[in-house]
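K.L.:
One structure, as structure tokens, below. Some questions next.
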Amino acid sequence: MKKLIFSLIALMTAMVMNGQVKQTYLTLNNGIQMPQFGLGVYSIPDGDETYNSVMTALKCGYRHIDTAHAYQNERSLGRAVKDSGIDRSEIWITSKLWPNEYGEGKTLKAIDRMCGRLGVDYIDLVYFHQPVGDFVGGWKEMEKALESGKVRAIGISNFDVNDSIWNSIVENCRIVPQIVQIECHPYAQREHWQKMAAKHNIQIECWFPLGGRESKGELLRDPVICEIAKAHGKSPAQIIIRWHMQMGFSVIPGASNPDYIQENIETFDFALSNHEMERIHQLNKEKRYFNMSYEDQVKWFSQFNPTD
């Protein structure tokens with residue numbers, strides 16, 4: 001409960017409003033500040049759909065966009081950022097390297113190619129996307145990229161397979177990751193990984209915050225969440241996003257529909273009470289919607305190689 005109270009106070013006092021821009025910022029373990037809320041462009045097709053989604057988001061006040069080499073839409077994202085007229089320094093761009101780009105002699109070159117696809121001189125955050133391949137060797141080059149200024153923060157995505165995979169990076173690196181990106185939502189609050197991240201002051205960022213397509217809207221129909229939404233005059237999605245933010249997580253809901261893009265960011269004008277936060281906490285059953293075994297991840301992720 002103390003954590004919830006602290007998170008609420010910290011987020012409300014850290015709020016920054018500049019015209020249309022409404023945002024809270026999280027300070028990473030290297031001192032860099034990252035916008036807490038953003039747009040994920042996973043599964044949004046390259047071309048006009050990604051371009052228009054990002055442009056809409058930026059006009060609505062988003063300042064954090066999350067993509068990946070595997071999504072194959074970095075170029076369209078980069079064009080939208082350039083055409084938006086917003087200063088590059090105001091927009092946080094995240095992307096992710098695929099396992100075939102891990103390894104000494106490979107990772108730094110892959111980051112350079114990523115900058116080229118995005119049309120930028122630096123990337124705010126680069127993740128290792130999956131816990132497959134030579135991530136131990138590649139992490140040494142991630143550290144070099146951070147120190148050179150080519151990237152501002154480095155992280156690991158989906159390294160919550162088991163403690164051994166996690167520790168192969170976190171317990172044996174020279175520079176600890178700033179962020180870990182994992183599936184996290186009210187039904188899967190990942191309490192073990194919250195403790196693992198807190199041990200090293202690693203920020204948690206949540207994908208599938210609303211459950212994703214695999215959930216078939218289960219979270220959005222939850223009676224407790226719907227009751228809280230009605231009390232605030234908000235949608236269930238807005239309640240879930242607000243819960244993530246008051247938990248201190250970074251949250252990147254995906255959307256291409258302009259109405260949903262606008263709806264998702266309208267979460268800065270209200271706060272959940274401690275009682276409401278506790279009610280949502282009680283929904284946890286560590287029910288994930290992505291359930292591929294690690295053996296299958298190794299098999300399938302090793303076979304797929306995204307193009308440049």
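Placed from the backbone N, Cα and C atoms, the Cβ positions cover glycine too.
Take a look at what TrEMBL says about it:
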| type | residues | note |
| --- | --- | --- |
| ACT_SITE | Tyr71 | active site, proton donor |
| BINDING | His129 | substrate binding site |
| DOMAIN | 47-284 | domain 'NADP-dependent oxidoreductase' |
| SIGNAL | 1-19 | signal peptide |
| SITE | Lys96 | site 'Lowers pKa of active site Tyr' |
K.L.:
Near the residue listed as 'active site, proton donor', which residues of its own chain have a C-beta under 8 A away, given they sit six or more steps off in sequence?
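P.N.:
Result: Val41, Tyr42, Ser43, Ile44.
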K.L.:
Could you list the residues of the same chain, at least six apart in sequence, whose Cβ is under 8 A from the Cβ of Lys96 (site 'Lowers pKa of active site Tyr')?
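P.N.:
Looking at Cβ-Cβ distances below 8 Å from Lys96 (site 'Lowers pKa of active site Tyr'), excluding near sequence neighbours, one finds Thr67, Ala68, His69, Ala70, Val126, Tyr127, Phe128, His129, Ser157.
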K.L.:
Check Tyr71 (active site, proton donor) against DSSP and tell me helix, strand or coil, would you?
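P.N.:
Once the DSSP labels are grouped into three classes, Tyr71 (active site, proton donor) ends up as helix.
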K.L.:
For His129 (substrate binding site), what is the secondary structure by DSSP, using just helix, strand and coil?
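P.N.:
Going by the DSSP assignment, His129 (substrate binding site) belongs to neither helix nor strand, so it counts as coil.
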